[in-house]
Amino acid sequence: MGNPLRRIFKTEEKTEGSTFMAVFVGLFAACGGLLFGYDTGLINGVLAMPYVLKHFPQDHPGINGGEGYFTSSEHSLIVSILSVGTFVGAMLAPFLNDTIGRRLTLIFSCAVVFNIGVILQVASHSVPLLIAGRVIAGLGVGLLSSTVPLYQSEASPKWIRGAVVSCYQFAITIGLLLASCVNQGTKDLNSSASYRVPFAIQFVFSIFLSLGMFFLPETPRFYISKSKNDDAMNSLSRLRKLPVNHPALVDELGEIVANYEVELSQGSSSWADCFSFSNSQFKRLMTGIFIQAFQQLTGINFIFYFGTTFFKNSGIKNGFTITLITNIVNVICTIPGILLVDVIGRRKLLISGAIGMSTSELLIAIIGATTNSDAANKCMIAFTCTFIAFFASTWGTGAWVVTGEIFPLRTRAKSIAMSTASNWLWNFAIAFATPYLVDDAPGSARLKSNVFFIWGGCNFLCILFAWALVYETKGLSLEDVDDLYEKIPRAWKSKHYVPVEHKFSRAIAGDQVYDETKADFQNIEDTKSGALLEHRSASISDSV
Ligand code: BGC
C-alpha cells in the first residue's frame, strides 16, 4: 500500500514502520461522517412522506386518511432543532476528549448518546417525541463532528494526514447520498415503516463505528497530554506497527513530548487560553472559527436543504432526480479533493476552490436575473453542479483538514470544538433564514435566484480569507505546525517555511537514542525538551 500512495503524494520522506494501520484507523473513524451526513440528509425527505403527512402535523393534521401539512414553524423547528443539539454536542466534546480520551468519546457519543436519539426517533408517532429524538441524536452528531477530525489528525502520519481527514468529508457526502436513496425507497410505504426504517438504519452505522473503535488505539498525543508516556509509546507502536522502543518511535514520541512541554511552559489549557495571543493561538482560533463559518456561507446547504424547491421553480419537475444528481456530484468530486489536499496543499486548494465557487454562483445569479427560458434554466442547473463540484473538491474537505491540524495540543480539543460549533451555528442560521430570503411569500425578501449574488459575494470573501489567514501545512507534523505559526508571521509567506525540529531532535538525540532502553527514554526526552525550549526561546527573541 505504501509505495503507490507515496508516489501519488510524492512524499520524499522515508518514515519507518507501516502506514497501513494509521491510515486504517483514520479511515475507520471517518465513518463518523456517515452518521453526520445521513442524519442531516434524512429529515427533509421524511417530512415530505405521505404517511408522515397523514399522522404527524399538529396544526393542520390529516383528516379521514388524507394528508395534512406542517406549518412553516413546525417544519423549521423539526429541521433546525438538530443543529441546536449538534452545537451543544460540539461544545461539550472537549470535556470528554480531554478526560476520557478521543477514542472513548467516539464510542460514548455513538453507542450511548446517538443511539438514545435514534430510539426516540424510531419510537415517535408525533412531533414532540420526534423533536426530543432529533435533539439527542444531534448531541451525538455534535460530539462526533468535533472528535473525528481531532482523532484522525492525531493518529495519521503527516504526509497523508490531509487525505485521511478528507475521508471524513467523503463519508459525510456518502451519508447524504444514502439518506436520499433510502428515503426514496421507503417514502411510498403506507405504514410507519416509511419513516421508521430510514431512522433505524442509523443503528447500523453507530453500532459499526462504536464496536470498531473499541478495538482501535487511543491517540499517542492524548496520552502525552495525560503524562502517560508508556501508553503513548504502546499506542504509537500499534499505529506504526513497530516494536516499542524502536528508534523511529522514540524519535517521533520525543518530538511530541518536547513540543507539549514547550506548550505547557507557555501557559495552561483553559478555555480562556484558547483566546490568548501567545504563539498565535488567537489567530489560529479565528482561522478555525471563520473557515467553518465560510464553509457554510459558500451556500452549499442552500442546495442540499432547499435545492429541490429551487430547481422545481426552474422548471425541472422531478425533485428526487435533482437531489440525486447533486448528491452524486458531491460524492464523486470529493475524491479529487482527497487526493489534492496533500499534493497541491491547503492554500492553493482553498483559494482556487473559492474562485470556482464564486464564479459559478455569480453566473447563476446573472443568468437568473437577466433571462427566463428553458436554456437559461438548464445553464443554471449546470452551474449549480459546477459549484457543488468545486465545493466538494476544495472547501468540503479543506475546512475539516485545516480545523484538525492548526491547533497546539494543549488547546486542541477546545479550539476544534469552537470551530465545529461555528459550523453548526452558521448551518442553523442559514437553514433558518433562507426561506425568509428566497420564498415567494408574504414577509419574505423574495430574492429567488438573486440569493446567489449573496453566496457568490461570500465566496469572494472566502478567497481573501484563505489568502490572508490559512497557513500552508501540507507535509508538516502537528508539532511542525506549532513552529510554523511561531516563526512565520503571515499566512501568505508560510509556503517558505522549512521544518527544523526533526533535524533538531535527531541531532539532540543522536544515535545513542537507538540503543536506549525504555527506562532511559524519559531522560532523553527531558534533554530534548529542555534544548527545544532553549531553541524556541531563542527563535522567539530572534523574531522580536
Ligand atoms: C458541511 C455540511 C454539508 C456537507 C455537504 C460538510 O462539510 O459541513 O454542512 O452539508 O459538507 O457535503
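Backbone N, Cα and C define each Cβ position, glycine as well.
Annotation comment: TrEMBL describes 20-38 (among others) as transmembrane segment.
Positions annotated as domain 'Major facilitator superfamily (MFS) profile' by TrEMBL: 25-474.
TrEMBL lists 77-97 (among others) with the feature transmembrane segment. Within its own chain, the transmembrane segment (77-97) has Cβ neighbours under 8 Å at 39-40, 43-44, 47, 70, 104-105, 108-109, 113, 117, 127, 130-131, 134-147, 150, 222, 305, 413-414, 416-418, 420-421, 423-425, 427-428, 431-432, counting only residues six or more beyond its boundaries.
What TrEMBL records for 104-123 (among others) is transmembrane segment. For the transmembrane segment (104-123), the list of distant contacts is 29, 32, 35, 85, 89, 93, 96-97, 129-130, 132-141, 143-144, 147-148, 151, 196, 199-200, 202-203, 205-207, 209-210, 213-214, 218: same-chain residues at least six beyond its ends, Cβ to Cβ under 8 Å.
Here TrEMBL flags 129-151 (among others) as transmembrane segment.
When Cβ-Cβ distances below 8 Å are used as the criterion, the transmembrane segment (163-185) is approached by residues 9, 22-23, 26-27, 29-42, 45-46, 49, 148-149, 152-153, 156, 197-198, 201, 205, 304, 320, 323-324, 327-328, 330-331, 334-335, 337-339, 341-342, 392, 396-397, 400-401, 404-405 of the same chain, each at least six residues removed from its ends. Annotation comment: TrEMBL describes 163-185 (among others) as transmembrane segment.
The annotation transmembrane segment is assigned in TrEMBL to 197-216 (among others).
The transmembrane segment annotation in TrEMBL covers 285-307 (among others). A Cβ distance under 8 Å defines the sequence-distant neighbours of the transmembrane segment (285-307), meaning residues of its chain 6+ beyond its ends; these are 40-41, 44, 79, 176, 274-275, 322-323, 326-327, 350, 354, 357, 361, 384, 387-388, 391, 395-396, 398-399, 402-403, 406-407, 415-416, 418-420, 422-423, 425-427, 430-431, 434-435, 438, 451-452, 454-455, 458-459, 461-462, 465, 469-471.
Annotation comment: TrEMBL describes 319-342 (among others) as transmembrane segment.
Residues or ranges marked as transmembrane segment in TrEMBL: 349-369 (among others). Sequence-distant neighbours of the transmembrane segment (349-369) (same chain, 6+ residues past either end, Cβ-Cβ under 8 Å): 291, 298-299, 337, 340-341, 376, 379-380, 383-384, 386-387, 389-391, 393-395, 397-398, 402, 448-453, 455-457, 459-460, 462-463, 466-467, 470.
Note on the transmembrane segment (381-403): residues 149, 161-162, 165-166, 168-170, 172-173, 287-288, 291-292, 294-295, 298-300, 303, 307, 311, 314, 316, 322, 325-326, 329-338, 340-341, 346, 349-350, 352-354, 356-357, 360-361, 363-364, 367, 416, 419-420, 423, 462, 470, 473 of its chain, located 6 or more positions outside it, place their CB under 8 angstroms from a CB of the stretch. Per TrEMBL, the feature transmembrane segment maps to 381-403 (among others).
For 415-438 (among others), the entry in TrEMBL reads transmembrane segment.
Annotation comment: TrEMBL describes 450-470 (among others) as transmembrane segment.
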>> Checking distant contacts: for the transmembrane segment (197-216), what same-chain residues at least six beyond its ends satisfy Cβ-Cβ under 8 A?
In response: 25, 28-29, 31-32, 34-35, 38-39, 42, 45-46, 103, 106-107, 110-111, 114-115, 118, 121-122, 133, 137, 140, 175, 178-179, 182-183, 186, 189
> Any idea what the model's mean pLDDT is for the domain 'Major facilitator superfamily (MFS) profile' (25-474)?
Replying inline: 90
>> I need to check the long-range neighbours of the transmembrane segment (129-151): which residues 6 or more away from its ends have a CB within less than 8 Å of a CB in the stretch?
In response: 26, 29-30, 32-33, 35-36, 39-40, 43, 56, 77-78, 81-94, 96-97, 102-103, 105-106, 108-110, 113-123, 165, 168, 199, 202, 206, 219, 400-401, 403-404, 412-413, 416-417, 419-421, 423-424
